[in-house]
Amino acid sequence: MKLVLAIVLILMLLSLSTGAEMSDNHASRSATALTDRLLGPKASICRGTGGRCTKDKHCCGWLCCGGPSVGCATSFAPCN
């Protein structure tokens, strides 16, 4: 019984230390991402459904550009 309790205690301590490490890594990644965003080249912002576009790359995700009058729209066929 003492062996089982010791193993459970060790596993709990390992999970706590791993969780703290993951939180630290997340904070580090967030700070790095913010720095890159502020100091890096201007990021292009994609446009949602109906957003103005001239090329497919201006639209978010699976949206395709239907031209300036249509904007970004969903399409059943792949974008050109």
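Heads up, the Cβ atoms here are built off N, Cα and C, so glycines get one too.
Since this is a predicted model, take the numbers as computed values, not measurements.
The record in Swiss-Prot pairs Cys72 in a disulfide bond with Cys59, which is drawn from Cys46, Cys59. Of the listed cysteines Cys53, Cys60, Swiss-Prot assigns the disulfide bond with Cys65 to Cys53. Swiss-Prot records a disulfide bond between Cys64 and Cys79, which is the match among Cys60, Cys79. Close to Cys64 (disulfide bond), meaning Cα to Cα within 10 A, are the following disulfide-bonded residues out of Cys46, Cys53, Cys72: Cys53, Cys72. Counting only the Cα atoms, the space from Cys79 (disulfide bond) to Cys65 (disulfide bond) is about 8 angstrom. Cβ neighbour counts within 10 Å, taken over all protein chains shown, single out Cys65 as the most crowded of the disulfide-bonded residues Cys64, Cys65. Looking at Cys59 (disulfide bond) and Cys46 (disulfide bond), their Cα atoms lie 5 Å from each other. For Cys46 (disulfide bond), the same-chain residues 6+ apart in sequence whose C-beta sits under 8 angstroms from its C-beta are His58, Cys59, Cys60, Gly61.
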